[in-house]
Every structure is written in structure tokens, then in C-alpha cells.
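Q: TrEMBL lists these features:
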- 214-229: compositional bias 'Basic and acidic residues' (COMPBIAS)
- 232-260: compositional bias 'Low complexity' (COMPBIAS)
- 728-737: compositional bias 'Acidic residues' (COMPBIAS)
- 278-342: domain 'DUF1899' (DOMAIN)
- 193-272: region 'Disordered' (REGION)
- 715-737: region 'Disordered' (REGION)
- 401-443: repeat 'WD' (REPEAT)
- 444-476: repeat 'WD' (REPEAT)
Amino acid sequence: MIRVFDPRAQLAPVQSAKSLQSNKDSRILWTKDDLLLTTGFDTMRSREARLWDSRKLTSSLGSVSLGTSSGTLIPLFDEDTGLLLLAGMGNTGIDCFEVSSSEPFLSQVSHCLTDTSTKGVALVPKLALDVMSCEVVRVLQLTDSCILPISYQVPRKNSGHEFHDDLYPDTVGTTPAMSAEEWWKGGNKQVERISLHPDKRPKQKAAPAKQTPAKKEVASGGSKEDQARDCSTSSSPLSTPSSSAAPSRSPSSTSGLSSGFVPSPSPSQTAKAFQNLMGPTSKFRHIQGTVMHRDTHITNIRGLNLTTPGECDGFCVNRQRVAVPLAISGGQIAVFERSQPGKLPDTALPTIQNSVNVADFAWDPFDTHRLAVAGDDAKIRVWQVPEGGLKETLTEPKIIMQGHTEKIYSITFHPLASGLLVSSSYDLTVRLWNLETGKQVKVLDGHQDQVFGMAWSPDGKLLATVCKDGKVRIYDPRKSTSPVQEGPGPEGHRGARVVWVCDGKYLLVSGFDSRSERGLYLYSASSLSSGAVSSVPVNVSPSTLIPYYDPDTSVVILTGKGDTRVYIYEIVPEDPYFIECSSFNSPEPHKGLAFLPKTECNVRDVEVAVGLMLTKTTIEPVAFKVPRVKKEFFQDDVYSDTAVWWEPALTGSAWLSGSNDQHKKISLKPKDMTPVSEAPKEAPVRKYLPSSVYLEEKTDEQKKDELLNAMVAKLGNMDDPLPQESYEGVDEDEWDD
């Protein structure tokens, strides 16, 4: 709904009309000649901008559609030129239109393609423009890491030498026309307009010298050609160069002493300044993801279920086998042996039949034969896969556990204690189960909406949850059924996941913001109520990012179902918290990515993680490697002792009675490899001769001898026989008469 008010005359609107746009993320602004512009989404969720006559809001004058995207459309209008700029949040482009009070009302001038996605935009005041270069509009684009200027210039023959009056009408000045009290009493004075001509601008009083800050170039280093790039434009007299990808740093951007001399920094200051300039680095920043040889793939998978709930990872793996849901009635799950890769037969395979749709499923971390499956009927079925894999279809589970009153969201095994499982449900409860007895032992409450994700702490004492009600909670199940901590979570309601990082000191949550943009949020586990200590936006996509965290390297690997890109970050317990590493791109959208134990990594090839990638018809191993030069040595700076998490630290009954324990740890170093920290120090190899060789002055006799020696070496020894002397002739009687 569009409403126009006269606040001094009456409280009721003087004009109102239905905007024909969705109420979500709409914007409105005045343009020229009493025309209003609104931006939003149409009924098909396509972004659009509409122009209205404020005196007659019965129908819009015109509209433009800018394609489908979830980012809010931000309008900027320059009343002097009549140019309208439309920038989409999270997108890499700015559209420029000319607004007219007659047909066609909105006509496109150009489309500027930016290097990075937009987080915000703003117009630079007219007095800051370079009018001698025919710059008519300048926009500041906010990105993830910097602010970039984007300049709009009109190409003119005498650009740079002549002021063009037709481009620059007098603009609104900076002195207010009246006070607020005068306006409220009915005053209608207008702000005085001033000329943009360099010689006619009003002179501003200079500030005292002691209050004048040192001049800093925020985003203008180098030449104008370096600052601007050509953007794709339509056939228009308005050119649209965009700024360079990052602001440059020049000597003028540093302020020194009043004398103009800067004291020389110490080496420690230099190193610190360089680190501040470049930012922290990670030893994993060049990590490489590689799909392994085709001989290791499982292919020809048929009837894969591509519609598993968002809380489900899509499939699950352990050291020996892979469980994959099938789109066959009865909630069937196929189980493939990792030791038997290759093409699957075209005939039907033996499966696990659950008789109801599968909501989530997980392997027991301490028993590679036990699979727990949550169904739509609020029951949890525990299956036992026979040694060697499925030979026939299983129809009778070993255990059926029932306690939830509505459909189950997800299930998660305890990381330390055997036989313990936790589940979340539409009944807004989280329940703890003992598989040895088949009974529930705890019921956790406090959630007001759907539970998106759950995660046990590394020490197995606490359980973290992230909920659709916008809260992150921590429970101590053995002490209380209510949360011991609670804090604000991601604002978006599409989905989320949670995982403990940095030795259990922080919680990492992947979710959505209010604009449905995917992001990562880091919370201190000791103060959830304070909110996220840091966050990083990722991109706009409908699928939830599923995190895999490696506690040995503090590297988190994330991707969503249906994505082609796998994101990798190193998490550190201090600013900047997130250090982005190289990403991995798959050739086609994958349906899931699950990881194997650390012992599956080939340390001789510096693999730090090995996962299985599920596609429409295949399961493909992917190795994530750190490039190193001395691969013949064991990289002990990369491989710390790893926990034996495939063996229980204690029984479920012991944990429930209050006992605590930790996994034992083992080294990944092969016996025949030497740690790189103990590698012998090699003397540096000189690639070039020392400068003394080239700078040494030689006498004329030395030069003459060198020349003669070179000539003799080329001609050979004069005492050596000639080649033809070794040839044999023919006998006299062999000559023809």
C-alpha cells in the first residue's frame, strides 16, 4: 500500500493506493515532477521498480523488471540529471535509468557490472564530483571488505579542460532554508541553489590548522585509468566506468609529523604493519580439493531420493559403507560397501525397508554395522547391517524406539558414550535415548519452534541447538531439562546448522540473515546472550550450508545440497575469527558431502580431509590436500595427534551416571617417515654466480688468453688426424677400365 501524507495538515493520508508489489523489502522515494518510485517484488517474486504520479495513485505510470533474486532493490535518484540507479543487495550489478514525466517514463541508460557483491550503496554529494571530467554521478558501493567508488561520466570532446553548463544545472546547496519551527508553522522556503562551476562555488571557511586532519586518500590511488574499468553499457552517451577492485594505498595516505618527515619504524613495527596490511594468513589457504580416480567411484546409482528434509545431510558414511536414501515407496535405504567400488548392476538391489518416509538417518560412530533411521511416524528404527553388506532386503529392525508424538526432524549420536542417541521433533522436544534399553532417558524442553540442528560438545557434556524461533541454546542434559544458556541466533528462518569449534570454546552456526543471504556466525560458548562475536556473509542460495569441522586443523568445510561450490575457512579464537581459504568447485551440483575418519587421509600426499560426494548417479571420493614441497617428510605442523573417535570413551550407562572421559589419541605419522620439523637443514643453493665474478676487472692479457682458448676449443687439436685419413680406398683391380 502506498500512502501520501501532509503531516502539517492532517493525520490521514491525502492519497493512497495498492502498490501491486509484495510488502517484503519494498522501498519508496520521490523523483522529479511529483513522481514517486517504488521497488519490491511482484507476484512472481521478480524484482521490479514502478513509477507513480503522486497526485493520482490509481495506477502506475510504468515499470521495469530486473529478474529474479532475493536481494532487496535499493533505489538512488539524482534530481539534477534525472538519473535513477538501482542496486540489488547481494548482487553484482547496478542498473541506471533516466526518469521522465512522459512516455516512456523509465528508459535504461546503462548496466554496470561490479567485481564483488553489493552490501550497500550511497550517492556522493554533487559538490564532491569531478565536474571538469564530466562526472555527473558517483556511487559508493559497500562490499564485504571495502568501499568502492563507481563513477558515471559523460564523454565530451573537451573533457578535462572545459566546464559543460548543460550537464550541471545549479544544485541544492548545503545551507538550510528554514528552521523546523518555521516549517511547522507553514513555511515553504526552498534551499538556495548553487553553481557547480569551479570558479563560482561559494568559498568555504578553512578550519584552523591544528584541527585539520592529515589528508588521506580513501579510495583514489594511482591514475584515473587504474581507478576505472569499462562496464557493459547500452548505446547511450553516458559511459559507466567502475572503480578498481580494491582501493590502492599510496604514500599520501599516511600522515606523518608536521615537518613532513616520518621516523623510521623498527623491524617489529614493520612486520606488524605488514601483517595489518595483508591480514592474517593460514597454512591451509591454498588447500586443494581433488576428485579421486574413477576406479574409486560408485556409479550407476538409480532412484536416488533428492527430496530429503533440510535437516538431513542427504546421505551418511562410515569407514566401511555408505547409506543412501532411495525414492521408492516404503522409505528404502540402499547400503553400498566402500571396498566394492564400480558400476552397480541395473537390476534391483537389496535395501533396508522402513515402511515410512525417512526423515533422517545416521551411522553409529562406534559400530559400522548399526544404522539408526528416523521416520515420519515419530519412531526411530535401529538396523543391523550384516558382515559383508546387504545380501538381501531387511524388513525387521533390531530396535524400535517410540516417544515423540509428532514427526522427527533429526537424530545425532553421542560422540563419546556408546549407545546414546538424541532426536528432535515437531512436538518441540529433544529426547535422549539409550539404545541398550531402547528407552528414552531425558526429555529437553524450551524450544518455541522447529529445531534446525543439534551438536554435542567435544567433551560430551553439553548439547547445543539452533532453532527457528531465532535462538541458540546450550543444554546440560544430565543436570537440567531446560537450557543453561540462550542467545540470539540467525535472523533467517530457512534453516541452520550448529557445530562446536576451537576446543569447545565457540559455537559456529551456519544460517540465513533477514535478507535470506547465507552466512556464518560465531558465538562464545560461555556467553550466548551477548550474540555473535563475528560473522561472515557467504552468498545467496536456498540450501542450508552443512558444516564439517576438523578439530585437528580447525578447518571447517561447508556446502549445501544442490551447490557446486565447497567453502573452506580456518576458524581462529581471535580476531578476525574467519580466515577464508581456497574453495573447491564440483563440475555439477552435488546432493551431499560426507567425510571419513582422519585415518583415511593419505599423509604422504598431505591430505587433511577425505569426503564422499553424492551426485545424481554416483558417489565420488574427494581429497583435500595442502600443497607442500617436501612431501617425503611427515608434515607434523599439519597433522597433530588425532582422536580415536571411532572407539567409545565410556558406555552410555556410565555417562548417564555422571562419568566423563575423553578419546585416546594416536599419531598419523608412518614409521618410515621423518617429521619435517626434524628434517636436515639444507645449505641454500646459489642460483647465480656472486657479483664479484662479474665486477672483477680483467687485464688485456687475461682477455686475450681467454679468447684464444675459446677459439682453440672450438677448432679442436691440430695434431688430431683429419676425418678423411681414416677412410679406406679401393683395390686397383676394382677400377673400371
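Any Cβ shown, glycine's included, is placed from N, Cα and C.
Predicted automatically and left uncurated, TrEMBL annotations should be read as such.
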Q: Do any residues, 6 or more residues outside the repeat 'WD' (444-476), come within under 8 Å Cβ-to-Cβ of it, and if so which ones?
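A: For the repeat 'WD' (444-476), the far contacts come to 310-311, 409-410, 412, 414-417, 422, 424-426, 428-432, 482-491, 493, 495-500, 503-504, 507, 509, 511, 523, 525, 528, 544, 551, 649, 655, 660, 662.
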Q: Report the DSSP secondary-structure composition of the repeat 'WD' (401-443) as helix, strand and coil residue counts.
A: 0 helix, 26 strand, 17 coil
Q: Give me the DSSP three-state residue breakdown of the domain 'DUF1899' (278-342), ordered helix, strand, coil.
A: 4 helix, 22 strand, 39 coil
Q: Counting by DSSP, what is the helix, strand and coil composition of the repeat 'WD' (444-476)?
A: 0 helix, 17 strand, 16 coil
